[in-house]
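Peer 1: Structure incoming, see below.
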Amino acid sequence: MKTGEIPLSSSTYINFKQYLASVKPAGAALPTGLQDLLIAVVNTCSKLSHEVAQGALIGLLGPAGTGNVQGEVQQKLDIIANDLLIDGVQGCKSLAGLASEEMELPVPVQGTGDYLLLFDPLDGSSNIDVNVSIGTIFSVLKKQDPAAPLQTSDFLLSGRHQVAAGYVVYGPQTTMALTLGDGVVMFTLNKVTGEFLLIKDSVTISHSTKEFAINMSNMRHWADPVRRYVEECLAGVSGARDKDFNMRWIASMVADVHRVLSRGGVFMYPWDQREPHKPGKLRLMYEVNPMSFLVEQAGGVSTNGTDLIMDLQPTDLHERVSVMLGSKEEIDRIQHYHS
């Protein structure tokens, strides 16, 4: 049995509620309000897993005929996932407000707490119709002034302010990765009971790797440091790296990052010259910050090439950034090429 894996006997599994009640990420019990919020999010993801699995059988595939705040075509499941998550957490007394990739403005919640929830309800939704793994990404912040009315600026905190982050990937299994700032753990959904059960209690990313993920069709548009790194990987043993690499690309960030957390590697979605005024494609608050929190807590690194993602100060709720994350030795090399 590999280190960090839980024995397969059903009597030894720990469910999500039991885990939250027992963990002490800062030497003290996890606040009840944070437990309640995370349980509400995860219970909703359990329901969403069922909806995703039914797909065409209940008429949920295909475009919805609407667009989101980003100007992107919404899939039917995008809207359903967004509505499910909002409904699922509205009753949390510890929640002050939420923000979604699918909505222009944050939504106040009639709770008395000081937690803020940000989420991408269904990452990779362009892959729904071809049955590729998709997922939900979430991040939790603390409101700096609990007594003040909710404002968009309350959410504009760097990734270092996250108190929890995770994703749920809907694939052959429904699996969740979670960090509370003290390492990364993984759970798998028991679809009979609806419970998420702990399967790995210490997820780590190897410092070295021979695997990278990037959309190679855009190579001609990349900046020189990224092109140099990828060209060296492609050269393999005959080039400067003196080892062969494999390339992977799913076009679903949640699936690509899940692979990095599971077996190491590098995921890259860099700036390109087609839209030079935009620093990147992926959303800092809903996708990149929570994934970077997970990657750092697993021993990896996440950067935009020059700065660590977690240190970036956001200026817009829907801000986009470039990102390169994963195994430390490779990301350090990419950062060096940018210097």
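Just so you know, glycine gets a Cβ as well, placed from its N, Cα and C.
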Peer 1: Check Swiss-Prot for me: it has D120, L122 binding Mg(2+) 1, so pick out which one of E101, E102, E104 it puts in that same site.
Peer 2: E101
Peer 1: Pick from E232, E275, E287: which one does Swiss-Prot list with D120, D123 for the same Mg(2+) 2 site?
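Peer 2: Mg(2+) 2 site check in Swiss-Prot: besides D120, D123, the record includes E287 out of E232, E275, E287.
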Peer 1: Of N43, N190, N215, which does Swiss-Prot put in the substrate site with D123, G124, S125, S126, K281?
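Peer 2: It is N215, as the record lists it for that site.
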Peer 1: N215 (substrate binding site) to L122 (Mg(2+) 1 binding site): how many Å between their Cα atoms?
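Peer 2: Rounded to a whole number, the Cα-Cα distance is 20 Å.
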Peer 1: Cβ atoms within 10 Å, counted per site: which of D123, E287 has the most, among these binding-site residues?
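Peer 2: Checking each of D123, E287, the winner is D123.
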Peer 1: Considering the binding-site residues S125, S126, which residue's Cβ sits among the greatest number of other Cβ atoms within 10 Å?
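Peer 2: That would be S125, with the most Cβ atoms nearby.
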Peer 1: Quick check for you: of the binding-site residues E101, D120, G124, which have their Cα within 10 Å of the Cα of E287 (Mg(2+) 2 binding site)?
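Peer 2: E101, D120, listed in sequence order.
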